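S.K.: Handing you a structure now.
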Amino acid sequence: MSESDKYELLEKIGHGSFGIIRKVRRKADGMILCRKEISYLKMSQKEREQLHAEFSILSTLRHPNIVGYYHREHLKATQDLHLYMEYCGNGDLGRVIRNLIKNNQYAEESFVWSIFSQLVTALYRCHYGVDPPEVGKTVLGLGSTARPKPPSGGMTILHRDLKPENVFLGEDNSVKLGDFGLSKVMQSHDFASTYVGTPFYMSPEICAAEKYTLKSDIWSLGCIIYELCAREPPFNAKTHYQLVQKIKEGKIAPLPSVYSGELFATIKDCLRVNPDRRPDTATLLNLPIVRLMRKEKEVVEFSRTLRTKEETLNKRIRELDSKLSALETEKSSIRAEIDASLRREWEVKARLEIDRLVAQEIESLQQKFEQEVQARVEAELQRHGRGPMFNSHGQQGSFSSTAATLVSDYNLSSVGSGDGDFPSTTDITDISIAESTDGSDITKKIPRTPFHRAQTYSSAPAESVLGTPMDIEMASPSPITIASLSLSPRRMALTKAPTTNPRMIFGEEPTSTDKSNWEVPRETEMIDSGDESEAEALVPSPKRITKSSKNPFSTVTTRSRPSLNSQQNSNVLPIHGLRSKQTLATRSKTVSGVSSIGQHPLRSAPSAPSLRDRKPSPTRRLSRIPSVTGVGRRLSANNINNSSNGGSDAPSSTVTSNITVRTRGLKRMSSTCDESSFSQQQNNQPQQSLPQAPPLKKIGLMAAKNIRGSSLVELHQARAGGRPISAIISNEAKLRAFKEHATIAASAVDSSSSSSSSSGQSQLPTRPRSQPQPITANFEQQQQQQQSNTNSISSSNSAGSGSATGTGTGAGTKSMPWPVAPVWNREVETEEMPSPFIVKTSKRPASFVRPASNLSQS
């Protein structure tokens, strides 16, 4: 890459005798330079030597008031020489003078002094080869330092071509002395003998062909300052000769009045004809005004330098600020990245640590859980090991010694408890003739509380009791629970058992999983109901709903109706079903009573004293429903006592021999008599009566009251406060079948026939009549049909034989005015009424009904 390619050509700024001056820009740093293009193809040898001397001098001169020289470029192909020098933006001093002439203005004196002082300083550097001394503190005078001695062997440079066109001005009006093409380098003691300059600025010694000395440049300096002030040269003529003559005379015109005399005097000193009288550059520098100008120039230079430095520093500061901001941004980004990296790393570490601790804690809790489960399993296994066991038939065995001693804090039965865990459900075919002699089968009876639901294994620990379907209570009552209605609000508190263990009713896991033990078929016939004081416990069944405030399956918001639990048993339960040791004892006792009933008179004392003479429960409440069975039983006991004192036992034997005794769960059957004997017994009834005894017909109806259940309306009325016994009897009498009335009345006639001779006439008191309350239309039709059937049968059988009644008389025997009510060989009779939804048929099996002919023959 050539030197010319490193610069960018901008414009042409002038031309000279040797070439063209152009303005260029350096591409490296953008610096503006001045290129002087000189073609030495047509130069003579002397001119080539002068050109060589110029760039040699410029290369050694380095001063602020001298045009700077950078380098040269020699183009051999075109024989051109390019000199790159400092660029002066304001042109030269000759253009300034032309502008003043053009504008008809005078230059300011301060400007003139500034140009003068700078030219003196530049000439001082050329004449003495050193820079002039600084003003410093010697503003008022340079002293001995004003005239320095040139260094030995130094070079003295004579410009020899000072003119306004060779004085250049910078942007700040700084003077730059240039164009040293005609300069001559000579020793300090040498003098130049040739003059090659402009004739308007040549000194008198040059005109006189004398030698050229340093004082010649001072003359040229005076001519330039005078032309700047007067806008014309000091010496001017039309011909060369006249010009030389005027120069030798040395007379000049005064300066315009705008300038000071000091300036004119200084110019006159410089234009003295005698060179020895001219001041040198050192003397000129010592002038007060020059010192001030120099000092001012120094201040300006200093301010410019300071401003430049400030700009440089500001630029540097801005660069540093930008770099600092970039560094801060980079630092923040790096820190954010490091923080994010550290955060991620610590989050990962924390997550791992948390996971480890969580896993450790989970493992610890799992171990604790397994240990706890193992401990509870062992405890349950130990408890199951000493809990109740079940045999192959599903019967519950005896509890362990620990569980047997635990007694529940409340009674779980709604009607009391029997001898065993389950009541006897056997019929007459299951009764054993042999009397059980094992005393261990009979356990102590536990006092009952009324209207409590049964819960099995109540004495077992709470941890081992689990929930069963028996403890489930539906949200809405189903029809199956109407059989156990308890409509009185006063019975609600004692109806529900406080369930402390809302779990499975079985404390231990049964050994047998036979589901047939709990699937008990429902009885289609009416179930017996007796006195509530002698009621027995219900058979535990999973289908029954436990009314308990602590039942977890009960609905809190919906309260079911109070229930009156009735005793229901099935007569078709297999023999090998759920049985207990107490059941066997009950069967043997029942058969023993039946075996002797046909041979001995019927008495109240011998009929199951263990069942009759039970102590009343201390926690039992008295029912507000009148107990008809209890009244009949007390009247029967009085009649039996009367007959045992003075009468014969034949009538009682006759009556009791015809009674078919059934255990609990079967239908009751009284003496089976034909219609004729019944009518005859009614006609021959003794009229002798006790004041406290009710009529015979009422007793029969009262005894038969336990056959059929009450209607829903009557139950509501009974729970609300009860009805009179007479109204109940009169209303219930129409609901009985004819055969049921006949059997009960026949037994009463046979027992009272022996007293007909002593009393003279039989008195049949009429039962108190009350207006019946029909329930439905079908119920009224049924009453009318039953009444018609009763009348027709009574009239058709009124002529029957009286053999049955004749057998009841005896001499010396006290007659029993009231018939003896059948004594039911049961352990407990309940007063609770059966469900009205269970219809009891009046048809009896043929095996239980004895024909009338057989009765008369016996």
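Quick reminder: no glycine exception, Cβ is built from N, Cα and C everywhere.
What Swiss-Prot records for ASP161 is active site, proton acceptor. The ATP binding site annotation in Swiss-Prot covers ILE13, GLY14, HIS15, GLY16, SER17, PHE18, GLY19, ILE20, ILE21, LYS36. Summarising the annotation, Swiss-Prot assigns coiled coil to 291-383. Per Swiss-Prot, the feature compositional bias 'Basic and acidic residues' maps to 516-525. Among the features that Swiss-Prot reports, compositional bias 'Acidic residues' is placed at 526-535. Per Swiss-Prot, the feature compositional bias 'Polar residues' maps to 548-572, 580-598, 650-661, 760-780. Positions annotated as compositional bias 'Low complexity' by Swiss-Prot: 636-648, 676-691, 781-802. The feature domain 'Protein kinase' is assigned by Swiss-Prot to 7-290, with sequence analysis given as support. The phosphothreonine feature in Swiss-Prot is assigned to THR194.
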S.K.: Return the average pLDDT for the domain 'Protein kinase' (7-290) as a whole number.
M.R.: 80
S.K.: How far is it from ILE21 (ATP binding site) to ASP161 (active site, proton acceptor), counting Cα to Cα, in Å?
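M.R.: Computed Cα spacing between ILE21 (ATP binding site) and ASP161 (active site, proton acceptor) is 18 Å.
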S.K.: As a test of the contact definition, list every same-chain residue at least 6 positions from HIS15 (ATP binding site) whose Cβ is closer than 8 Å to its Cβ.
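M.R.: Long-range Cβ contacts: ILE21.
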S.K.: Any idea what the Cα distance is from GLY19 (ATP binding site) over to ASP161 (active site, proton acceptor), rounded to a whole Å?
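M.R.: One finds 17 Å between the Cα atoms of these residues.
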S.K.: What does DSSP assign ILE21 (ATP binding site), in three states?
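M.R.: Strand, per DSSP.
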S.K.: Looking only at Cβ atoms, how many others are within 10 Å of the one on ILE13 (ATP binding site)?
M.R.: 15
S.K.: Expressed to the nearest Å, what is the distance separating ILE13 (ATP binding site) and the residue listed as 'active site, proton acceptor' at their Cα atoms?
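M.R.: Answer for this pair: 20 Å between alpha carbons.
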S.K.: DSSP three-state call for the residue listed as 'active site, proton acceptor': helix, strand or coil?
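M.R.: Looking at the DSSP assignment, the residue listed as 'active site, proton acceptor' belongs to neither helix nor strand, so coil.
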S.K.: Would you count the other C-beta atoms found within 10 angstroms of the C-beta of ILE21 (ATP binding site) for me?
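M.R.: Neighbour count, Cβ to Cβ under the 10 Å cut-off: 18.
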